[in-house]
Amino acid sequence: MIFFIISFIVYFFTIYNKKNKDFFQPEIFLNLYFIVLIGIGPIALYFFSSELFNSPQYQQVSYIVLLGYIFINLGYYAASSTKRLAVESNDFIIYKIKLQKSSWKFKKSGYFFIFMGLAAAVIFFFRAGSIPILAANKESARVMALSIAGNGYFLYLMTIAMYGIALLALYSYLYNENIKSLFVLTFIVALVMTGTGSRRYFLWLCIYVFMARHFLYASIPIKKMFGFSIIGLLFINVFEMFRNPESMTTVDLKTTFIYRFVVYISNLEKVISAFIKKDSFEYGGTFFMDLVTALPGKQVDYQSWLKEVTQLEFEGFGIPPTIMGDFYVNFGYAGIVGGCFLFGFIIRKLYNHLIVNKKSLFDIFLYTIALEIGSKIITSGLSAQSVSIVWLLVFVIIYKFVNSILYAKRPVNLIKIRLIRNA
């Protein structure tokens, strides 16, 4: 009971802080993400099986979860407390961004990347021989589609369409135009990406649009975003029931919710227990494991490797160990403390630089994708997201190259006309 009280106090005061005024700042968005998917785990486990909760291994895991959360927030605090230059008003910053030649190019670039991603989707589904979400066994079809050699490359190319939506959303809300076209294209891309059998693509496309509107058009109240978060959580569980109806974890909505709350601490317990027995650490070796899988040939990815280490057998790719599990695998408790602190510090620094002191639309785009990667690091660890980080860097290079080709000088008077029209 003392653990629950401490957890509640820590969770409450890290989110309900007077300094937290933006839902998409790490202190709210990532903390809420952590609490819902990991932090609630020990509490849900207690009501699901108090005997299991009171076992030594789960008691240890419960405190590891709290330890990781505290040091992530200490990282946020350290980054937010560092001295920075006084910022201009948000309205004036947006006005200056409208004047930039680079801003109007987001429209043309957005359309280009959407087309490129949809073309990759056609190849992906053709090579898979089916659309996984329409298959009788959706989970098996999803796994089989990604097991085909080379299809992983096409899946990453498909995500370029999502980046295209993010670019187009930023343009549309900056200049308050093409909103209907944005919604239609977002729906099409969401439908195509959901065809892979994954739900997260749909959710993040919605978040891309929300963030563009929030930062450039009209701030969305925190309470309203909390409401959208509840709808998103419901969608996650209902989608899981639809995708995997034969599983014991999806027999009804209540069971699906309980499983969603405990699955990550269950994974964390298995990883911690396995490496306590192993009595050795990887010292950063896993950070490059997924990068090697991008090379031709057959290599084991990080989460599948963890599945073998923990001696688990189930249908699927592997187990996401959470950020705490990943850092423990590499450096033990010191890794959890130092790694979680650095994670919080870096993501909050990015918020300071790319949002508080934003200088262009591309800054907002980079923060949007960084927030997405950050959320995935929380549940799956840094090692499992190394490819995502490199892919973002590759996309930035592709974006710069494409813009150098598509670039055409915009008449100054046209910029002035647009600014007057949207004033």
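Residue positions begin at 1 at the first shown residue.
Cβ atoms are placed via backbone N, Cα and C, with glycine included.
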Annotated stretch (transmembrane segment, per TrEMBL) among the listed ranges 60-79, 200-219: 60-79
Same-chain residues at least 6 beyond the ends of the transmembrane segment (178-195) whose Cβ lies under 8 Å from its Cβ atoms: 107, 114, 117-118, 121, 125, 131-134, 158-159, 161-162, 164-165, 168-169, 171-172, 201-202, 205-206, 209
Stretch with greatest number of CB pairs under 8 Å, the transmembrane segment (111-133) reference, 28-48, 225-242, 360-382, 388-408 candidates: 388-408
Residues of the parent chain within Cβ reach of the transmembrane segment (153-171), under 8 Å, 6 or more residues beyond its termini: 103-104, 106-107, 109-118, 120-121, 123-124, 127, 146, 178, 181-182, 185-186, 189, 192-193, 196, 201, 204-205, 208-209, 211-213, 216, 361, 364-365, 368-369, 387, 391, 395, 398
